[in-house]
Amino acid sequence: MSKMKNTIDPAVNYLLPLAKKAGIETVWDRFAAMKPQCGFGELGVCCRICWKGPCRIDPFGNGPQRGVCGADANTIVARNLARMIAGGAASHSDHGRHIALTLLEVGEGHAPAYRIKDEQKLRSIAEKLNLAPADKDIRQVAKEVALASLEDYSRQNYSIPCNWTKSTMTAERVDKLLDLGIMPHNIDAVIAEIMARTHVGCDADAANILLGGLKGALADYNGMCLSTELSDVLFGTPEPVVTTANLGVLKEDAVNIAVHGHNPLLSEIVCDVALKMNEEAKKAGAKEGINIVGICCTGNEVMMRRGIPLATNYLSQEMAIITGAVDAMVVDVQCIMPAITGVAECFHTEIITTMPVNKITGATHIEFREDSAIDSARKIVELAIDAFKRRDRRKVNIPDYKQTAIAGFSAEAIMAALSKIDAKDPLKPLIDNIINGNIQGIALFAGCNNPRTTHDNNFMTIAKELAKNNVLILATGCGAGTFAKNGLMTQEATEAYAGDSLKAVLTTIGKAAGLNGPLPLVLHMGSCVDNSRAVNVAVTIANKLGVDLDKLPLVASAPEFMSEKAVAIGTWAVALGLPTHIGIVPQIMGSSVVVEFLTEKAKDLLGGYFIVETDPKQAAAKLVAAIKERRKGLGI
Ligand code: SF4
Ligand code: MSK
């Protein structure tokens, strides 16, 4: 049997042998050392919820079929899954809370480092939330929008839905979620409810636990939705921008600062401050001043708003340090491998943690607070400049790989491009082309990378297949990173891989929008929280057609997912009615009830369902089939 390749990323393939030679351990070494991974864990049938355990169910039927308390495989698998969703929802919505609190501070005049960058968006959000913004002072509008968002974390009345979910869905979907009892009323309460109902001796009905999980996933949607929209208010709504991606964006003659994590509250200020400290970097010997690059979703945030180059995505974060050229890696929350401090010990790189609840042993901690953001950012940049002075030039190996990437396709940017064709009815050209079949459907790629499969390969293979079949492609998160690094966010990729009719549509829109050629093959929509942007586009189309989301030829795929957040996102995609592909076998296979619920029953209840397929070509075929089924349902 041939050995699975670690990655198809040329920059990583260049650096891995160097890491090996230097004895530096990477994620792929640790993954190999972990094999064989625990079969009980892989099936989801291991329970550690109480200390009578751990208990494990024998999947072959010979050993125990119940834990010490009597929980069976269905209960155990469902509980484990629901708790993962709660973890994902907690992460996204804590990020959202942070942004909403900052907007409140801005409204109250207490956060001098921040301001309202997109007033028009703030007013349109206020309209959506029924806050009657006309004639109100913009700071008052900011306060009211922030408070309405924070209400989604504090409401105690179970029968009143969360403001953001209710105001961003089709009316039919709102009714469906209410009917099923899975409409969230309070993000924090829903997460707490999952933890409570899955405590030992509580909910033991797998289907009921999964409904709780679906509610938790919708709370996740609510948190990421408000996070995305309020970030646009504070930092600007993304517009198409041309930039570059992959490790070749690092510069030998610059102080390289990598911003990594998720929350733009930190990275935006670091970028502002770094721009002002260029001269100090030059004085330290960096001819090209300061070079900020992004990693993971912070990378997406600063790429789409500022055109800052993306260095790499989740799985290859250690490789950025292995170039020997990163002077500081500044991290905030989520998807930061604890391994980076160990790798950094082999170089001069400063790893700087910034959040009180996200420290890493071996890192330098510079606490980041909204009220002293500029001071913290200055200290961070100073540390990076100091580190640059210690850089060992003999250890610098910047791979000569980078690609052009056109990023920044927010829902507003897509509508703006379409309005160049039909100013009165911007959606018409898109809908006409979906109805006539020039665009067969839309696929949203999201989620992480995972060493269980070849890094970046599933994303690339499925996207090329779908494009050939005239499917329009949107991407977020580390999937977006894959496409940026590997050249699919270019006009050339449209020429090379799009089916004829898709190519014609992308060319018409691109030319009308002044791009002098087609739109890129993959439209970059942002970070993980920005998946709500795709929902925004889908809901606008559904409302225009007068149908619910589960009738649209729209699919989602997380072909290399790994995080709890990705589990939550995939689950709300199903709750919103989307056929949702995952390319990693989920840790639920030990329960036939859970598998059947998520792959079949969900379709009857919600219209959406999971498709599990690890072979990327087969996955593409299944997604195309799901799109065709939806088209048939619409009679087109
Ligand atoms: Fe075992 Fe039940 Fe405790 Fe889980 S909750 S560890 S199945 S006794
Ligand atoms: S960073 S959740 S690895 S997409 Fe958003 Fe990437 Fe997945 Fe983290």
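Each residue, glycine too, has its Cβ placed from N, Cα and C.
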Record-annotated [4Fe-4S] cluster 2 site (TrEMBL): member among Cys38, Cys69 besides Cys47, Cys50, Cys55: Cys69
Matching residue for the [Ni-4Fe-4S] cluster site, where TrEMBL names His262, Cys297, Cys335, Cys478, Cys528 - out of Cys202, Cys225, Cys448: Cys448
Other CB atoms, at most 10 A from the CB of Cys46 ([4Fe-4S] cluster 1 binding site): 21
Integer Cα-Cα distance in angstrom, His262 ([Ni-4Fe-4S] cluster binding site) to Cys38 ([4Fe-4S] cluster 1 binding site): 30
Secondary structure of Cys46 ([4Fe-4S] cluster 1 binding site) (DSSP, helix/strand/coil): strand
Assigned conformation of Cys448 ([Ni-4Fe-4S] cluster binding site) - DSSP reduced to three states: coil
Binding-site residues compared (Cys38, Cys448, Cys528) - highest count of Cβ atoms within 10 Å: Cys528
Cα-to-Cα gap, Cys335 ([Ni-4Fe-4S] cluster binding site) vs Cys47 ([4Fe-4S] cluster 2 binding site), nearest whole Å: 25
